[in-house]
Structure formats: C-alpha cells, structure tokens
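Written below as structure tokens is the structure these notes are about.
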Amino acid sequence: MKTTIVLILLTHWVYSQNPTSGNNTATLCLGHHAVANGTLVKTITDDQIEVTNATELVQSISIGKICNNSYRVLDGRNCTLIDAMLGDPHCDVFQYENWDLFIERSSAFSNCYPYDIPDYASLRSIVASSGTLEFTAEGFTWTGVTQNGRSGACKRGSADSFFSRLNWLTKSGNSYPTLNVTMPNNNNFDKLYIWGIHHPSSNNEQTKLYIQESGRVTVSTKRSQQTIIPNIGSRPWVRGQSGRISIYWTIVKPGDILMINSNGNLVAPRGYFKLRTGKSSVMRSDAPIDTCVSECITPNGSIPNDKPFQNVNKVTYGKCPKYIRQNTLKLATGMRNVPEKQIRGIFGAIAGFIENGWEGMVDGWYGFRYQNSEGTGQAGDLKSTQAAIDQINGKLNRVIERTNEKFHQIEKEFSEVEGRIQDLEKYVEDTKIDLWSYNAELLVALENQHTIDLTDAEMNKLFEKTRRQLRENAEDMGGGCFRIYHKCDNACIGSIRNGTYDHYIYRDEALNNRFQIKGVELKSGYKDWILWISFAISCFLICVVLLGFIMWACQKGNIRCNICI
C-alpha cells in the first residue's frame with residue numbers, strides 16, 4: 001500500500017511540475033485583420049484572390065443628366081450646330097453664341113431649303129472646336145445679279161426667307177454675268193467662309209433662275225481651289241422642293257486672298273466666321289441638362305471622374321476616365337483575407353496568422369492575441385498597420401494620374417464615299433480601346449500583387465521583430481505563435497508590443513522553466529510513459545496484495561480451496 005501511495009504522489013508531482021498548468025508561462029500569437037466576406041481581385045499570379053478591402057476602378061453608370069457647371073454647355077434643342085451656323089430661321093437664337101460643349105438633340109431638324117454638305121463631319125468639327133458662332137459681314141460686290149434669293153421652304157415668320165449667313169444670287173433681268181470677286185484676309189486670324197451651289201430640279205428651273213444652261217462655281221485661295229458644277233435633276237421632295245443646295249467651306253489664312261468666280265448657281269457668302277483654336281466640342285445626347293458639377297460628360301450624362309476607367313460611353317468630353325471594355329476592375333486596398341475558423345489553434349482560444357486571420361480587429365490591421373495568468377486579450381500594432389496603409393494610400397490617385405487626361409473624344413462621322421476611311425478609323429479606335437483595356441487589367445493586377453506582397457511582408461516583419469525580442473525566452477510554436485517560458489503579465493505583453501521588452505530580466509526564469517518542461521515531459525512525451533508505468537505497477541501491486549490475502553486466508557482456514565482432477 002505504501003508503494004501505491006508513492007506512485008500516486010509521483011503522478012501528482014509530474015502534473016504539478018508542468019509550468020504551463022500554473023502562472024509560469026504565457027502564449028503570444030501574432031495575427032492580421034480578416035473579414036467574414038472579402039472581395040475577390042485579380043493579381044499577376046491569381047485570377048481570383050480574396051482581400052479584406054478593394055476599390056472599384058471602373059465607372060459603369062452616369063448620373064443621368066449633363067451638368068452645366070465646370071463647362072459652358074449649350075443646348076441645341078431643335079437645331080443642329082450646322083443649322084445654327086448657316087442661319088436656319090428657327091435657329092436664329094444661337095447666332096453669336098459661345099460654348100464649351102454644344103449638345104445636339106435627336107429631335108433637331110432643318111427648316112429651310114434642303115441641303116447637303118459633302119464634308120459635313122469636318123465642317124462640324126471645325127465649327128465645334130472654335131466654340132463660337134461669331135460672324136462678321138463683309139462688303140462683297142455682286143454686280144449684275146439679283147441678291148437675297150428666297151424660298152417658300154424657308155419661312156422666317158410668315159415670309160419666305162433663306163439662310164441668314166448665305167446670299168442666293170439669281171439672274172437680273174435676262175442676264176447673269178460672270179462674277180469675279182476677291183476678298184483679302186488682312187487680319188491675324190483664320191477666316192471660315194461658307195458658300196454653296198444650287199442644283200435645280202430641271203433644265204427649265206436652271207434657265208429660269210440663271211439663264212445659262214449650266215453654271216459653274218470656282219472658289220480659290222493661294223493654297224486651294226474648288227470648282228463645282230451643278231447636277232441638274234429631280235430629287236425626292238423635301239419641304240416642297242426637289243432641288244438641293246450643296247454647302248462648301250473655305251478657310252483663308254492671314255495674308256491670303258479669297259477668290260470667287262461664277263457664271264451661275266452661286267450661293268455666296270455674306271461674311272466670315274472667326275476661327276478659334278480651343279477644346280470646345282459638340283456631342284449628340286438626349287440627356288437633360290441640369291445644375292450640377294462634373295468634369296466629365298458623355299452622351300449618357302455626366303459621370304464622376306474619381307475613377308481611372310469607365311465603360312459608360314466611348315464618346316466623352318472633359319477630364320474623363322479612360323474608356324475600357326471591362327465592366328469591373330477592383331484595386332486591392334487591404335491585405336490577403338483568410339476568414340477566421342470556428343476552431344482556432346492548438347490553444348483553443350487563440351491562433352496565429354499562418355492558421356487564419358482574426359475577425360473583429362478594430363484597432364489595426366496587425367496585432368497580438370495573448371493568454372497569460374491574467375486571462376486573454378487582443379491589441380493592434382499601430383506601427384506595422386500604418387506602414388502598410390502608407391504604402392497603399394495614394395495607389396488610386398496614382399492610377400488616376402496615369403490614365404486621366406484633359407481631352408475630348410468626339411464621335412466620328414464619314415460619308416458613304418469615305419466608307420473605307422470610316423472602316424479604318426473604327427479599326428484604329430477599337431484597337432486603341434483593346435490596348436487600353438489590356439493595359440488597365442495589367443496595371444491593376446500589378447498593383448494588387450504589390451499590395452498583397454507588401455501586406456504579407458509587414459506581417460512577417462512584425463513576427464521577426466517579436467522573435468528577436470523574445471530570443472531564448474520563448475519558443476516558436478509554429479502557426480505564428482510563441483510559448484513564453486516565464487510569467488508574462490499584461491505589462492510584460494505590452495512591453496513586447498511596444499518594443500521595450502528586455503529579455504535579460506526574464507532570462508533565468510525562462511531557462512529554468514524551459515529545462516523543467518524539457519526534462520520532465522512536455523517536449524519529449526515522458527508524461528505519457530510515466531503514467532502508463534505507474535498504472536501498470538499499481539495494477540501489479542494490487543494483484544500481488546490480492547493473491548497474498550487469498551493465500552493468508554487459506555492458511556487460516558477462512559477459505560477452502562478444493563482442486564478436483
């Protein structure tokens with residue numbers, strides 16, 4: 001019985017000598033922030049990797065209206081820019097107007113003599129970029145002809161009229177002499193002259209208006225010459241007319257001379273438009289114009305320019321994000337996300353960053369969880385958190401700076417004759433968009449890779465910093481945790497966090513506890529052996545005592561044992 005008691009006491013001593021079962025050790029784990037539901041982003045090495053935070057880089061919707069602040073937006077209402085320039089009677093309100101962006105509506109219509117412009121897109125672009133319809137009348141002398149031709153197709157009020165910026169010349173009496181007129185440009189700016197030629201619907205109309213069976217118009221400068229012959233013939237009726245007017249334009253540089261020669265069918269200029277160089281433009285849109293502020297306008301409406309990319313519309317005006325084909329591109333602004341597990345670590349209550357992240361951290365991206373004689377706790381590490389944030393902050397602004405530029409991208413128009421040019425332009429434009437789309441995806445993937453790498457690096461830096469502080473006073477348990485072999489209260493844990501921990505103070509205690517643990521059982525598993533040996537010896541002694549009792553009882557006659565063969 002004495003032996004049994006000794007073995008039981010030995011077993012109790014084994015447990016009592018375990019430093020971790022009392023107040024002599026502590027556990028410290030390092031970890032990082034995690035969220036229950038992260039955001040998937042793309043990196044160079046992964047198509048989908050989860051991060052705690054990400055920012056959308058693609059603006060995919062407009063505000064549904066065009067803002068009239070930041071730019072002078074002129075609503076064309078029922079008028080196109082060209083009709084306003086020519087002086088269509090119902091567009092007289094736009095004479096001498098200025099704009100940054102002229103908005104053409106789908107409801108716009110012409111309400112004068114039917115016309116066509118062979119190079120419509122170029123003229124529209126030139127007038128739009130000038131940003132004004134400032135017009136100066138000049139004293140052209142037209143001798144021997146009748147000026148100010150009118151048409152019932154072009155009403156100004158109830159009276160027959162014509163384009164206010166053009167002078168329709170017809171016969172005077174029974175003659176239409178050859179006209180030769182010159183107009184020098186003695187100014188220091190370019191002048192834009194608008195002129196035209198009338199195509200009668202029949203030979204009878206031709207001779208009735210111009211006497212000659214076929215007229216001719218030649219307009220020249222030192223740099224160019226255009227000769228146009230009317231195409232006589234019936235066309236579809238428009239506003240009661242089967243004839244047409246073709247509109248042409250000529251730019252006269254400073255020091256150059258405009259020369260006009262004609263023997264019939266001339267629609268003459270009344271003066272010039274002063275050309276200005278600028279970033280004004282024209283856009284087709286049915287979005288309403290409202291009082292708001294935006295630096296980027298699309299036909300769909302204004303859009304914010306706080307993102308580097310947009311896929312609202314290829315046509316833009318102002319300081320706008322680049323158009324790309326992707327609907328979404330997310331920039332990682334947080335670390336790799338590893339959602340917290342329900343069962344955490346070999347110590348139950350805490351586990352390190354290698355096993356999983358920690359949800360609910362509000363005071364930092366990186367931090368400590370600990371278990372000591374005072375209980376358990378958690379605290380963030382502001383220094384490593386700030387180091388990571390400083391590197392991530394500004395990423396979005398840098399991407400915007402690389403992609404945003406003040407420019408305008410107008411829609412391209414080509415006549416049917418220029419179909420091949422149109423196809424080529426569309427191919428070039430599509431290629432540019434494809435290239436930007438690829439570059440955008442690559443740029444974001446590189447930035448995301450850098451973000452994840454640097455946040456991982458900050459976690460490793462914090463771990464190495466802690467390991468160097470603890471030295472031989474603690475053991476790396478793996479998984480981002482340390483077992484501290486001395487009593488470490490909350491003040492001690494705080495010194496580890498703020499970098500003031502002095503391992504020399506605790507060195508002797510830590511070494512002593514470490515040797516006890518190593519020598520007895522914790523590290524080598526001797527506890528299990530001692531327990532099994534103690535159990536086996538106890539069972540053996542119980543059997544011996546029981547057998548001895550039986551033999552003693554037999555000798556005294558208290559127990560009789562009969563053996564039968």
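Each Cβ is built from the backbone N, Cα and C atoms, and glycine gets one as well.
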Per Swiss-Prot, the disulfide partner of Cys67, chosen from Cys154, Cys292, Cys296
Cys292
Among the disulfide-bonded residues Cys79, Cys292, which residue has its Cβ surrounded by the fewest other Cβ atoms within 10 Å?
Cys292
Any idea which of the disulfide-bonded residues Cys67, Cys91, Cys154 has the thinnest Cβ neighbourhood at 10 Å?
Cys67
Asn78 (N-linked glycosylation site): tally of other CB atoms within 10 A of its CB
14
Restricting attention to the topological domain 'Cytoplasmic' (551-565), give the mean pLDDT.
66
Smallest Cα-Cα separation from Cys91 (disulfide bond) among the recorded positions Asn37, Asn53, Asn180, Cys488, Asn498 is shown by Asn180
Work through the recorded positions one by one (Asn78, Asn180, Cys554) and name whichever has its CA nearest to the CA of Cys296 (disulfide bond).
Asn78
Tell me the coarse DSSP state (helix, strand, coil) of Asn498 (N-linked glycosylation site).
helix
